[in-house]
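Here the structure is laid out as structure tokens; the discussion comes afterwards.
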Amino acid sequence: MEAFTQHTGLAVPLDRANVDTDAIIPKQFLKSIKRSGFGPNLFDEWRYLDHGEPGMDNSKRPVNPDFVLNFPRYKGASVLLARENFGCGSSREHAPWALEDYGIKAVIAPSFADIFFNNCFKNGILPIILDHDTVDLLFKETEANEGYKLDINLEQQTITRPNGEVINFDVEPDRKHSLLNGLDDIGITLQQEAAITAYEEERKKRAPWLFNN
Amino acid sequence: MAGKTLYDKLWDDHLVAQNDDGSALIYIDRQLLHEVTSPQAFEGLKLAGRKPRRIDANLATPDHNVPTTDRTKGIEDPISRIQVQTLDDNCDEYGVTEFKMDDIRQGIVHVIGPEQGYTLPGITMVCGDSHTATHGAFGAMAFGVGTSEVEHVLATQCLRQKKMKNMLIKVDGKLGVGVTAKDIVLAVIGEIGTAGGNGHAMEFAGSAIEDLSMEGRMTICNMAIEAGARIGLVAVDDKTVEYVKGRPFAPKGEHWDMAVKAWRELKSDSDAQFDKVVELKAEDIIPQVTWGTSPEMVKPVTGTIPNPANESNAVKKEGIERALKYMDLKADMPITQIPVDKVFIGSCTNSRIEDLREAAAVAKGRKVAASVKLAMVVPGSGLVKQQAEAEGLDKIFIEAGFQWREPGCSMCLAMNADRLEPGEHCASTSNRNFEGRQGQGGRTHLVSPGMAAAAAVYGHFTDVRELELQPITGGAH
Ligand code: SF4
């Protein structure tokens with residue numbers, strides 16, 4: 001996994017609540033057995049005017065000029081501003097894969113759905129929870145100022161606005177550590193091999209019916 | 001010290017290590033695998049040169065992509081075919097037990113787990129699918145994970161987790177005739193919203209929950225995720241034990257006695273503390289119909305579509321306006337006036353034998369309305385299908401004009417050929433009414449199986465309580 005330490009990027013405001021993972025990446029693209037290449041189909045049903053299917057040449061498809069990601073001023077955006085309960089619905093990790101492939105490095109929202117939130121950290125994307133009013137402020141400023149960039153520093157846990165004002169955010173220490181160092185979660189867990197084996201031995205005694213079916 | 005909740009007990013029971021950084025290592029007893037979220041996990045394992053830790057802790061089946069029509073020709077869509085083939089190849093390579101597409105035991109993962117006795121009280125279970133919460137109906141800690149975590153469990157049999165908060169949904173009283181588990185859970189979501197359970201494990205209790213069959217409890221836990229909770233739970237009682245007994249993967253002999261003794265402890269202590277409690281009266285619950293594009297946009301069938309003018313919260317107001325536009329519905333219109341183009345009875349929420357009986361009781365002796373283009377029944381597994389056919393339910397449906405299909409996820413998410421055309425309204429027993437969920441531009445209305453069958457018969461939503469029902473005599477399993 002790619003590490004996340006510091007990132008300065010253009011913000012794009014996606015002004016709707018309860019954006020679900022079906023919207024982030026529609027199911028027809030889940031048939032792929034790969035981890036990459038989902039970016040062109042991020043928000044497919046909102047982004048294009050026609051119906052998308054895997055294998056299409058997305059560069060030839062009619063884009064929806066009213067969808068915010070298609071506004072020329074947000075081209076190259078890498079910080080997604082979102083509303084309540086972002087990423088609800090299906091557990092598909094294809095959602096963060098699509099965001100990452102598109103170039104999104106951080107998502108800022110008042111709340112996230114639990115599974116999506118967790119999946120982001122596994123893919124080098126930083127989901128940041130800020131209170132409703134602060135998110136609202138960022139929405140307003142982004143919409144009002146073309147080229148509005150946010151500077152996110154994970155080590156310091158800060159977001160610096162273009163006017164130099166700093167917003168602090170919380171992040172759980174273990175997640176921060178993994179993301180800062182781009183660590184492989186499985187590798188970390190395997191370091192606790194002895195504890196796992198000990199637990200397993202004891203579990204075998206307590207619940208022998210769960211072994212060797 | 002206060003007593004423990006069921007979730008506390010399950011958590012403590014699976015704690016491998018409490019780490020200094022606040023995370024915990026939790027042991028996962030069993031995993032279910034399907035074709036959509038597992039290929040990249042197996043690939044990751046291979047790339048890292050790792051082996052699965054416990055093959056016997058995994059059970060696989062293809063469900064999302066499989067056709068529900070004649071399967072002898074295989075899967076037509078080449079991309080779907082490759083995905084199912086990849087699951088087959090991975091399972092063959094590693095020796096994972098898999099119910100392949102032509103196996104009578106194949107079906108939706110969340111139907112076959114309980115059906116096989118693979119889902120057991122007291123276990124931790126994960127699957128790369130958010131509706132894994134279903135298995136909590138057995139007093140198991142079951143939750144959906146992403147593909148990275150599927151790989152993590154394959155490699156380590158553990159997950160790094162944070163303990164969640166405890167939430168109690170208490171439903172006391174008696175449900176009216178024609179009101180079902182689906183209506184309870186939709187009413188709960190309507191009450192607390194789709195984010196109401198975020199960060200919580202959600203236990204369902206109260207006399208109305210105790211009165212439910214295991215199928216009903218699975219329907220409720222299945223949709224805990226639609227209320228934001230990754231975990232749904234119901235305490236173990238006689239019904240749980242009775243349901244599990246004798247199933248292929250259930251413990252046998254002295255292990256059975258030992259297991260039952262342990263399972264009897266799987267309930268919240270009477271003095272357990274919950275961080276949030278929501279109470280509903282069963283008598284107040286009326287058959288529910290979703291009108292919008294989120295499961296919380298739900299009304300009783302006797303109600304009307306909300307008017308955005310009455311909403312003061314700006315984000316919510318805009319949400320209602322957007323949903324009305326997408327669904328092509330008018331504010332204040334009675335729910336019973338919503339026309340229905342297609343009907344889907346199936347999905348991991350409502351495709352078990354009891355659900356099919358409930359729908360058949362409405363369909364029996366009636367006909368699907370001429371205005372309905374397609375009404376289909378998709379059993380949750382090959383064994384559910386077999387049981388339904390033994391009871392003659394297939395004939396009831398076919399005579400009424402429903403299509404009787406092969407098991408799978410089907411039009412719940414329309415990854416296979418079963419889908420809505422743009423603009424079509426569908427009465428669906430599934431769990432998500434998001435934009436495009438059942439096909440681009442499709443308009444989903446979530447309902448119970450009885451309500452879906454009633455909508456098929458009348459061509460618009462109808463209060464199932466007003467219909468005379470034909471008794472369906474189902475045997476015990
Ligand atoms: S039936 Fe629907 S919700 Fe259930 S596992 Fe299949 S796609 Fe997911």
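Cβ coordinates are placed from backbone N, Cα and C, and glycine is handled just like the others.
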Residue from B:C348, B:C426 that TrEMBL also lists as binding [4Fe-4S] cluster with B:C409, B:C412: B:C348
Binding-site residues (B:C348, B:C409), the one with most neighbouring Cβ atoms at 10 Å: B:C409
Long-range Cβ environment of B:C412 ([4Fe-4S] cluster binding site), under 8 Å and at least 6 residues apart: B:F344, B:G346, B:S347, B:C348, B:S428, B:S430, B:N431, B:R432, B:R437, B:Q438
Where B:C348 ([4Fe-4S] cluster binding site) sits in the secondary structure, as DSSP reduces it to three classes: coil
Near-site residues: [4Fe-4S] cluster, ref B:C348, B:C409, B:C412, CB cutoff 8 A to centroid: B:D63, B:H64, B:I108, B:H110, B:H131, B:G346, B:S347, B:T349, B:S351, B:G408, B:S410, B:L413, B:S430, B:N431
